[in-house]
Amino acid sequence: MQEAQYLTSDLSVKAKASNLNLWYGQKQALHDINIDIYERKITALIGPSGCGKSTFLRCLNRMNDLVGGCRVEGLVEVDGFNIYDPAIDVVAVRKRVGMVFQQPNPFPKSIYENIAYAPLMHDLVKKGSDCDQLVEESLKGAGLWEEVKDKLKSPGTALSGGQQQRLCIARAIAVKPEIILMDEPTSALDPISTQTIENLMVTLKEQFTIVVVTHNMQQAARVANYTAFFHLGELIEYDETEKIFVSPQKSKTEQYITGKFG
């Protein structure tokens with residue numbers, strides 16, 4: 001079984017992986033991953049390119065189902081429910097576990113419709129004042145309301161890159177998820193927009209559990225409560241972020257964070 005640094009804590013576990021293995025065809029991409037994701041905390045996944053961190057992230061809402069030849073063994077649980085149980089509704093899983101991608105990907109619709117589309121589709125609200133209120137609340141939650149409140153009918157694609165990413169975050173929180181997955185959400189953004197998104201993440205963890213993949217170790221150190229280091233599909237070490245960066249227990253972790261490989 002994969003060795004990793006485990007935490008002893010009475011924190012509430014929101015999601016967990018147990019003996020998780022994943023293959024793309026004949027290639028094994030994840031090896032015996034065991035990890036607890038804590039509620040209303042930010043967990044950063046770090047490691048060199050191809051280490052498995054984004055693959056693991058996508059296991060948490062079954063996005064890997066969309067990849068041909070993908071096979072998963074082991075458990076991934078959210079609130080104690082195995083999300084890979086054949087009886088589980090995958091759409092319901094993805095409603096509870098939202099996703100924000102590396103490149104901002106607003107729908108080719110108005111700002112308003114970007115937010116309203118999924119809640120209307122899932123019958124969370126009806127058209128009218130309730131929907132208007134949800135759109136406003138979601139945009140406020142993503143720190144975007146004041147910038148767009150007078151142009152809600154404008155295309156979401158007309159916004160700046162940083163605004164588009166916040167629109168995607170607003171779209172994700174509009175369906176009231178419990179977990180938000182972020183796959184390198186600032187890698188395509190300028191430093192000012194990056195800082196805005198980082199500040200937003202810290203605010204959002206008051207309501208949501210956040211798991212973020214990042215190549216930026218400084219970003220992990222700034223925003224994450226916990227950090228997991230992946231290498232060659234294995235979870236090498238997982239602990240409080242400060243411990244990972246100040247006093248890592250594994251030599252491979254120390255080598256990575258000091259730039260000796262990566």
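Heads up, the Cβ atoms here are built off N, Cα and C, so glycines get one too.
Here is what Swiss-Prot says about this protein:
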| type | residues | note |
| --- | --- | --- |
| DOMAIN | 15-257 | domain 'ABC transporter' |
| BINDING | Gly47, Pro48, Ser49, Gly50, Cys51, Gly52, Lys53, Ser54 | ATP binding site |
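For Cys51 (ATP binding site), the same-chain residues 6+ apart in sequence whose C-beta sits under 8 angstroms from its C-beta are Phe230, His231, Leu232, Gly233. Annotation for Lys53 (ATP binding site): spatial neighbours Leu45, Ile46, Gly47, Val213, Ala228, Phe230, criterion Cβ-Cβ under 8 Å with sequence separation of six or more. Just so you know, the Cβ of Gly50 (ATP binding site) picks up 13 other Cβ atoms within 10 Å once every protein chain is counted. Residue environment of Pro48 (ATP binding site) contains 14 other Cβ atoms, counted within 10 Å of its Cβ in all protein chains.
Cβ neighbour counts within 10 Å, taken over all protein chains shown, single out Gly47 as the most crowded of the binding-site residues Gly47, Gly52.
Between the binding-site residues Ser49, Ser54, Ser54 has the most other Cβ atoms inside 10 Å of its own Cβ, all protein chains included. DSSP assigns Gly50 (ATP binding site) to coil in the three-state reduction, outside any helix or strand. Other than Gly47, Pro48, Ser49, Gly50, Cys51, Gly52, Lys53, Ser54, the residues of this chain whose Cβ falls within 8 Å of the Cβ centroid of the ATP site are, in sequence order, Thr55, Phe230, His231. Taken together, the residues in the domain 'ABC transporter' (15-257) have a mean pLDDT of 96 on the 0 to 100 scale.
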